[in-house]
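Annotated region 'Disordered' per TrEMBL: 1-24, 76-104, in sequence order. The transmembrane segment annotation in TrEMBL covers 164-186, 198-218, 263-284, 290-309, 321-339, 345-368, 507-528, 534-553, 565-583, 618-638.
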Amino acid sequence: MDSGSGLDPDYSKGKGSGGNGERKFGAFLKRVEPFLPKKDLNPRDLRSWAKKTGFVSGETSTKLGESSNFDQIEPILGRDRPKRGSGIEHVTGSGSGYKSGHGEDMVESLSETAEIENEGGKINRDLENGFYHYPGGRESEDGEWPKPIVMKFGLRDNPGFVPLIYYGLQHYMSLAGSLVLIPLVIVPAMDGSDKDTAAVISTMLLLTGITTILHSYFGTRLPLVQGSSFVYLAPTLVVINSEEFRNLSENKFRGIMRELQGAIIVGSLFQCILGFSGLMSLLLRFINPVVVAPTVAAVGLAFFSYGFPQAGTCVEISIPLLFLLLIFTLYLRGVSLFGHRLFRIYAVPLSALIIWTYAFFLTVGGAYDYKGCNADIPSSNILINECKKHTYTMKHCRTDASNAWKTAPWVRIPYPFQWGFPNFHMRTSIIMIFVSLVASVDSVGTYHSTSMLVNAKRPTRGIVSRGVALEGFCSLLAGIWGSGTGSTTLTENIHTINITKVASRRALVIGAMFLIVLSFVGKLGAILASIPQALAASVLCFIWALTVALGLSNLRYTQTASFRNITIVGVSLFLGLSIPAYFQQYQPLTTLILPSYYLPFGAASSGPFQTGIEQLDFAMNAVLSLNMVVTFLLAFVLDNTVPGSKEERGVYVWSRVEDMEIDPEMQADYSLPRRITQFFGCRCC
């Protein structure tokens, strides 16, 4: 390392003790006095040095406590280090912060070395490494090392019953778009009625409440909302728009829903086995940010052909909504009202409510009234050509096009197998098995990011496996109740926790209880089912774009300038979009039947994969037409076969079981409830 860095490489290797070492240390002090900072300091040297000595990865057997001489010396100025007291304090009330000790002193020393003051100001050299970089961390005004984001309430904090209600509802309100808009996409595609849409929305609210409570007590115990995920939306649309199911004449909605239920149940059982058997713990060794980032990004990119083509049917609604979302989330994100950043936290529900009201006035004002045309009459039954071309606009833009309010009951309790007993077929089951694997990969990235965001120690591999297994059980419930999609951890949780600064488990549980109660109010589902489809598509455009951004943000744990990493991500994403497009072009008859925004999801029946085994052909054509599956397979193979250091790849580092056994704070964060642990006779399960 250059002399300007202030570190003697020989001394750092342990050669600073005894005779010759003392002479070298004296020379080191002479060289530092006076100290001249260098502008070309390379943080990689520090990171490399720290890794070799074990301060980062802990792979070396030498402990910090053994190097007593060096521990008392400032790495930059060579002077005695002052006493630091208790070291780094925990920033939230959860009590799961970083402990004091030599390791933290060295980290702080490295940060001081990497941040050098010169005449032109302060140059902050951030070690962009997953071990040190905190999601949402930011530089302070005086140029200090980026601090962890400060939570209002930590993982185990209890601010009181009334604040818990407020913060719990706040969390779910900020996720409103992800929780209730999926039925507005899939139910109309299945030729379901407005009443069916309201029923599916109520079912999703019920399942979101139940599964979130289960995950808060028996999963990873991180503050993560479980719900119908966009990971399952694309395969659901593939099944819906396949030739076998779109040609159903009677009870089409119930027939497709029962097929989806059977497939989701099989996929969820696979996920349960993956978690409970311990296979997920082994698989975690091969799942890293370079795999997670493009996979999650592909989940959002899969709907680029659906988003604005649907929203564009009413540009007078969709464009103002998108502008409003961007203004609230970007331009007004720092504006506080009554001490709360309402525009940032409630950007989606607030924007949707404003534009929904605007659309109501357009409807009442006659903007979508056409002479002799009735929006309640299906376009297939309209004989007048003048009306037929306006029917699509009326259905997507009018706020009174839905009759859900008239048909939905005031009280309706969703119950298991409400659409009938599930149908089990190998073709759709294979699809959902692949999708459940992708959902598990998505959740792994969310677990890791969330644990760092809430300033808790990262979970052990066993805890991650337990979380994945419970997600499988939650998807099993979704298949039994018939929500149309599986249940998994919502990626948008990271964004929500980041903007609300609330990570309390209790708040999520209280909010989940409210969701369960609200799911019994049939009229609430009817109100949500009355959202114009163009408005829903516009909100989804924003949410899918956010999903892409959250996925790519996982690359912050890697060396983002690495040619290896950017090549793997670029190739995975490009081919993850291009290969499915190749499979989607084998549908000559479909183009005459399906709308353009459904064409990417109609390849299962007529793709190029033909072996003569009908069930297998259907499954493989469907799987290879899914962007996220192809992207995951490519990224997984490339990242685990192309040589690269752990630092370069940003390999996820999970806590060890031994660490948890001696750390009561970590046990309180992740261990199962006391009665459960006593029943199984383990403290760290």
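Placement of Cβ uses the backbone N, Cα and C atoms for every residue, glycine included.
Most Cβ pairs under 8 A with the transmembrane segment (321-339) among the ranges 164-186, 263-284, 345-368 are made by 345-368. Residues of the same chain lying 6 or more positions beyond the ends of the transmembrane segment (345-368) and with a Cβ under 8 Å from any Cβ of it are 170, 173-174, 176-177, 314, 316-317, 320-321, 324-325, 328-329, 375, 393-394, 397-400, 499-500, 531-532, 535, 538-539, 542-543. Listed by sequence, the residues of this chain that lie at least six past the ends of the transmembrane segment (565-583) yet keep a Cβ under 8 A from its Cβ atoms are 290, 293-294, 297-298, 301, 552, 555, 558-559, 600, 603, 607-609, 621, 624-628, 630-632, 634-635, 638-639, 642, 644, 648-649. Comparison of 290-309, 507-528, 618-638 by number of C-beta pairs under 8 angstroms to the transmembrane segment (164-186) places 507-528 first.
Listed stretches 198-218, 507-528, 618-638 were compared with the transmembrane segment (290-309); the greatest number of C-beta pairs under 8 angstroms is found for 618-638.
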